[in-house]
């Protein structure tokens, strides 16, 4: 079973004689990577994401690989005759969970996004932001191999936005591929393994930004083996490492990924000791 | 597939959009079927009424889900399978309704041919009516599958096409539904209840083909 998703010379247009929205797109999404797609309005970002989620077949070219996929649309309708928990339980079973574990996962994710109180609320009575939380939860509760986020942050409150960033970090750390579109240039800044720009119907690969993060950084002081290497899972996401004294390290980590790095350090063999964690100053954490 | 069917069935039941076709069908039976009428005639009437109801139920299932919610389901299970689940849910609902109606009509009708000349055993009549009802439900679902998304999107085109398709499927010579219903009506005159297995087989094939086409096209056309 091939878990890479690969687009080869893919083109897509709507209607038989419609203009090409995308053409000649080559793109590979590998497990455990975070991919950002940028572009102005109407350039075909959503079309690209729909192709990646395999919702639409390409008009030309080939899409291969079929990872277990979850998709978060930009606007999620609440015109569904279920309660939030009922809907999420259904979606959990669609993602392959048993009914019981789907229900449990649904409750957990609603709680994480601060919507636990709405579990029993009919979807039709949810606010726009709360239904977006349900949309995000339905994608995450199945622990998909490919997570496609089409401006999933839009409409979420600040706490839920940060939680979604952490959830994305967890997903990639657990070996899932995540691809996202967002209009906020500071979204998950420093974290993507690759950034692509949709331009004139084609796809342009930008340099990966991993080397120059300018997003909010969490400072982590840890103690480990002198001259030792960081565990690979942690080393991948850490922005800068400095060994202050032998065995003492000062790590700067993108704020969204601090939990993932701490988990990697604490579960390493032998485990590292976490001395202190300093969150980024509050002004850099508040985003539009 | 079970999870998909369960989701779609729950969606259909809770949306309550199944009420209008079911009420219309009950009204249709109330007008056309009365207790004490020849059983095969009434069964033919019962069967043919299921056809537009099945098409309508397909439309309800296929259009009932908001686009974004449909996308979430399609990402999880694949668009073709998600669409197939919609169609199957509607078909199963139509079959359940048709079978129930057939049972009731068999029990309340007069077990005899037209003019009460020849005795027609109820069991034999029911065995003839059931395949006819299934044939009509299948054909109606096929019409619904071919006249709604992904083949026809605009309501202004889909609904007239669906009504016309249902009418043609019911009356056109050579249509399995017409053959099955016709068998019951002529059987009611002679007192011999035919088993419309050939029309049923034809309807199964046609419906399978229609469902396959609709499911295959789901990811080709949007908007």
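Placement of Cβ uses the backbone N, Cα and C atoms for every residue, glycine included.
Quick look at what TrEMBL lists:
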TRANSMEM  B:18-36  transmembrane segment
TRANSMEM  B:42-62  transmembrane segment
TRANSMEM  B:82-108  transmembrane segment
TRANSMEM  B:128-146  transmembrane segment
TRANSMEM  B:158-177  transmembrane segment
TRANSMEM  B:197-217  transmembrane segment
Under 8 Å between C-beta atoms and at least six residues away from its ends: which parts of the chain pack against the transmembrane segment (B:18-36)?
12, 42, 45-46, 49-50, 52-53, 56-57, 60, 93, 97, 101, 105, 108-110
Is the number of Cβ-Cβ pairs under 8 Å between the transmembrane segment (B:197-217) and the transmembrane segment (B:82-108) three or more, considering only pairs separated by 6 or more positions?
yes
Same chain, outside the transmembrane segment (B:158-177) by at least 6, Cβ under 8 Å from its Cβ: which residues?
47-48, 51-52, 55-56, 59, 135-136, 139-140, 142-144, 146-149, 152, 198-200, 202-203, 206
State the non-local partners of the transmembrane segment (B:82-108) in its own chain: residues 6+ outside its ends, Cβ under 8 Å from one of its Cβ atoms.
1, 4-5, 7-9, 12, 18, 22, 25, 29, 33, 35-36, 39, 42-43, 46-47, 49-50, 53-54, 57-58, 60-62, 65, 70, 73-74, 122, 125-126, 129-130, 133-134, 136-138, 140-141, 144-145, 150, 207, 211, 214-215, 218
